[in-house]
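Sequence annotations record features per position, and here TrEMBL assigns domain 'G-protein coupled receptors family 1 profile' to 41-287. The transmembrane segment annotation in TrEMBL covers 23-47, 59-78, 98-120, 141-168, 204-225, 237-258, 270-289.
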Amino acid sequence: MELENSTAVKEFILLGLTQSQNIQLLVFVLILIFYLIILPGNFLIIFTIRSDPGLTAPLYFFLGNLAFLDASYSFIVAPRMLVDFLSEKKVISYRGCITQLFFLHFLGGGEGLLLVVMAFDRYIAICRPLHYSTVMNPRACYVLLLALWLGGFVHSIIQVALILHLPFCGPNRLDNFFCDVPQVIKLACTDTFMVELLMVFNSGLLTLLCFLGLLSSYAVILCRVHGSASQGKSKALSTCTTHIIIILLMFGPAIFIYTRPFRALPADKVVSFFHTVIFPLMNPVIYTLRNQEVKSSMKRLLSRHVVC
């Protein structure tokens, strides 16, 4: 079925983050500076992990994928947002809106599952160290990676399928700076109660369960680390603390957005802004700043290129 056959609306008008020109200019400059500084850092993390033979452990394999997912995620909303700040009329086509929504949930769902995999990796490394090399072998890592990409795809395709079955006959003013389920679904000219419940179940409940499961698993890990007297205790604590920070940064806003009925709140746009633009770029950087091996490898890599 063609997309045009399911809706009379051909485009959506984005109302943007704010109507104040001064605030728009300030946010534009801040995002541009932040984007140009942090995004190359994410690619540097990926290049460092791939080029250093000493960073072949599953922990770094998944960190590289986290940096890739976050860098990809940041391209979904931020570039268009910067362009819209300079445009009089902020318009996105129906197809463009559905495409943006798909990749938003595809990469976001994949990242959420990646954090679950990283928690599993730390659990095996700390609580079952003798079995670590057997359980987390290269084949298992690639299978887990494939599974999380597939999981993100299934999660996203369900969101898109539910949206495509809704008729849109007007209005077409989207009270946000990008296309996402809570705002788009409210523009459908039909009763969306059951669809909203399905959306909350697919996004909200899944997010909440993953969040609670991750916190529980890290609580078990931290208790195990705290009770041990091993030499790597401080390193394990640092790694787990960093993972928890990233989990809070990702799942906190997602729970706020997706686990309640789709009613607009004043804080929605601000939370969405940090969730889609700021935090994805920050996650790998936060992790790297607390990981001595990756920092040392990056310094060696940069020093070699400076000498050359």
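Using the three backbone atoms N, Cα and C, a Cβ is placed for every residue, glycine included.
Ranked by the number of CB pairs under 8 Å to the transmembrane segment (204-225), the listed stretches 23-47, 98-120, 141-168 are led by 98-120. Mean pLDDT, taken over the domain 'G-protein coupled receptors family 1 profile' (41-287), works out to 87 on the 0 to 100 scale.
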